[in-house]
Amino acid sequence: MSFSLYLAFILYAFVTSITPGPNNLLALSSGVNFGFRRTTPLVIGICFGFSMMFVVVALGMNQLFIRYPIIIPLLKVFGSLYILYLAYLIAQAGDIKNNGPTTLKPLGFFKGVIYQWINPKAWIVLIGAATAYTNDTTTAVEIVLIGLLYGVVGTPCVMLWAILGGKLSHYLNEGNRIKIFNRSMGILLALSLIPMIRM
């Protein structure tokens, strides 16, 4: 892959990582409710899972989608249902910090990784990237390098959303602001599915 193509991929990775979507909304919500430090494993899991998925897709899984096109709509359906479930949990979270003991915990590293495999936006972005930036002559080493590059670019982007959530938590601690925020985030997370479902 040429240097100019790497630069184009970095821009693609940055734009798709920094813009609002299920991953970033989840990081923002977790940052508000649990703080940046406790959200860090989720962020790392999201970015590691995303990079790992790119490698798997680019190494040949996209051929499976070409051979069995029904897989994509099925992924959209099951992934969307899970995201709607998460949106409901977030909307019902209330005031996690000030309600005393709670069974709610931040999503950790492994859940962040697993979440990528059922995230419709992740599949759409990765299939697009694998198609645009790899071909039959791309070596396995180059594919792994591109996957790592996605992680390097994406991690600080998702981290910014978690940091923003941590900063907002101080403002949202007053009155019913945290409840309003969580309900709003639940609605936004659900609405983030609309453009993906249309694709």
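Cβ from N, Cα, C; glycine included.
TrEMBL labels come from automatic prediction, so no person has curated them.
The transmembrane segment annotation in TrEMBL covers 43-62, 74-94, 114-133, 140-164, 180-197.
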Seminar exercise, completed: Checking 43-62, 114-133, 140-164, 180-197 against the transmembrane segment (74-94) for Cβ pairs under 8 Å, the most are found for 180-197
For this session: Using a Cβ cut-off of under 8 Å, list the residues of the same chain at least 6 residues beyond the transmembrane segment (114-133) that approach it.
Result: 1, 5, 8-9, 12-13, 16, 21-23, 26, 45-46, 49-50, 52-54, 57-58, 62, 65, 72, 75-76, 78-80, 82-83, 107, 146, 150, 192-193, 196-197, 199
